[in-house]
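J.: As annotated in Swiss-Prot:
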- 4-24: transmembrane segment (TRANSMEM)
- 35-55: transmembrane segment (TRANSMEM)
- 87-107: transmembrane segment (TRANSMEM)
- 113-130: transmembrane segment (TRANSMEM)
- 134-154: transmembrane segment (TRANSMEM)
- 167-187: transmembrane segment (TRANSMEM)
- 211-231: transmembrane segment (TRANSMEM)
- 242-262: transmembrane segment (TRANSMEM)
- 272-292: transmembrane segment (TRANSMEM)
- 305-325: transmembrane segment (TRANSMEM)
- 386-406: transmembrane segment (TRANSMEM)
- 416-436: transmembrane segment (TRANSMEM)
Amino acid sequence: MNDFPWLTIIVVFPISAGSLMLFLPHRGNKINKWYTICICILELLITTYAFCYNFKMDDPLIQMSEDYKWINFFDFDWRLGIDGLSIGTILLTGFITTLATLAAFPVTRDSRLFHFLMLAMYSGQIGSFSSRDLLLFFIMWELELIPVYLLLSMWGGKKRLYSATKFILYTAGSSIFLLIGVLGISLYGSNEPTLNLELLANQSYPVTLEILFYIGFVIALTVKSPIIPLHTWLPDTHGEAHYSTCMLLAGILLKMGAYGLVRINMELLPHAHSLFSPWLMAVGTIQIIYAASTSPGQRNLKKRIAYSSVSHMGFIIIGIGSITDPGLNGAILQIISHGFIGAALFFLAGTSYDRMRLVYLDEMGGMAISIPKIFTMFTILSMASLALPGMSGFVAELIVFFGIITSQKYFVISKILIIFVMAIGIILTPIYLLSMSRQMFYGYKLSNVKNLSFFDSGPRELFLSISILLPIIGIGIYPDFVLSLASDKVESILSNYFYG
């Protein structure tokens, strides 16, 4: 057990500091904004410092563990810890939340509440990634939903209430399955109920019961991933949410579902996962094609980007279903990669909306002349999204391909079919991304309108865009920086399938 409660501080600090902001005298929106940014930067620095000095990359076991008694009757403790699977997502959360707070500068209405909700969401997300107790994971999972609902319903577009209601119905409804699974798995096979993830990882179940647990967790976790047909809340939510909220949704929220699939379904229920992995592969493959085919038909700019997120999440599902070292490593790398790329695209879509107040692509055109900096950044990040070599998306998708090829679980004809369908999806990706850029920036539609002028990116927006672009290029050039964090943990998880 760790001597100093680093993880408790990292989890509790954002929401505690945010609560303090609600009681401070109202001194104007700028004070609230800079206070929140300072909290996020300080949190990120504390997290980075704690991990640099306490995390050992060659140790697949839980590190920096903390265990404080809470409710003895349920064996419910405040258990926190990190490993190679969670460290990358925690750092991603800190980085994206800090930039999303900076992106939220134009928000002026109820600024204190808005920034408090962002900090509360920050705590919930880090708590989910660092929980070593199944019920604590569920509580953090739910804690993070409330700020998203309020951010969407209070600072969204014209249909924000519809989108917020749809979001909460999907996510809260699926959480019922998560709660049933948590209670069922903790009560089974032991005289005393246990919620400790490390103990549950060594627990065996009857095949039928393990399958039932697996299905319950899959329904709960894949709503957030999201997997078709449970994805329909996502385009509506992205279409109406403020773009700083979209950055948090695309960059972090979707990754929580994928993280849960690895942490719970793969690690706790290996036999059921082995049975259901072909279905995950099939759904992931269909998802890539379906979302890539649906995206070009979306008039709303943010909805088109949302469908591209659904398509890219298909690669993560395939990597998880492959049950191979390259496949799972590729899925983890894609979680980090798409966290940056998705957040960046939504930020640029939002800054474009701030200037022209248009959301439909068929009303845009000719913006490249007026806003060349935004045009350049949007083009570069679109290239990153379509997996251009040298960018993080290319490496992640390539490693997932290797995972399918090297899988011993599937017949050659099945692997060829999966790769062929994935290749079609990869071909469709530049079609909808490049057509989106063409509709926004080329032509003469807006450039011919008299007395219409746009301001290009200011220092804040340019700094934010470059800050997201640098890790995308960095991971694309040197992916081992991320892969080395999780490689030992991946081997430890997969040992349950080949040696367990």
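Residue numbering: from 1, along the chain as shown.
Including glycine, each Cβ sits where the backbone N, Cα and C put it.
Keep in mind that what you see is a predicted model, and the values were worked out from it rather than measured.
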J.: Give residue numbers and ranges for long-range contacts of the transmembrane segment (167-187): same chain, 6 or more residues beyond its ends, CB-CB under 8 A.
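T.: For the transmembrane segment (167-187), the sequence-distant neighbours (Cβ-Cβ under 8 Å, at least 6 residues beyond its ends) are 74-75, 134-135, 137-138, 141-142, 145, 148-149, 152, 193-195, 200, 203, 212-213, 216-217, 219-221, 223-224, 230, 232-233, 236-237, 264, 268.
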J.: Against the transmembrane segment (4-24), which of these stretches has the most C-beta pairs under 8 Å: 35-55, 113-130, 305-325?
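T.: Answer, by Cβ pair count: 113-130.
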J.: For the transmembrane segment (87-107), name the stretch out of 113-130, 211-231, 272-292 with the most CB-CB pairs under 8 Å.
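T.: If we count Cβ pairs closer than 8 Å to the transmembrane segment (87-107), 113-130 scores highest.
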J.: Test the contact criterion for the transmembrane segment (242-262) and the transmembrane segment (35-55): 3 or more CB pairs under 8 Å, pairs 6 or more apart in sequence, then answer yes or no.
T.: no
J.: Other than its close neighbours in sequence, what residues sit by the transmembrane segment (134-154), given a CB gap under 8 Å and a spacing of at least six beyond its ends?
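T.: Same-chain contacts beyond the flanks: 74, 76-80, 110, 113-114, 117-118, 120-121, 123-125, 127-128, 160-161, 163-164, 167-168, 171-172, 175, 178-179, 182, 185-186, 195-197, 200, 237, 240-242, 245, 248-249, 253, 256, 260, 264.
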J.: Should anything in the same chain at least six residues away from the transmembrane segment (211-231) have a Cβ under 8 Å from its Cβ atoms, list it; otherwise answer none.
T.: 170-171, 173-178, 180-181, 184-185, 205, 253-254, 256-258, 260-261, 264-265, 269, 272-273, 275-276, 283-284, 286-287, 290-291, 310, 313, 316-317
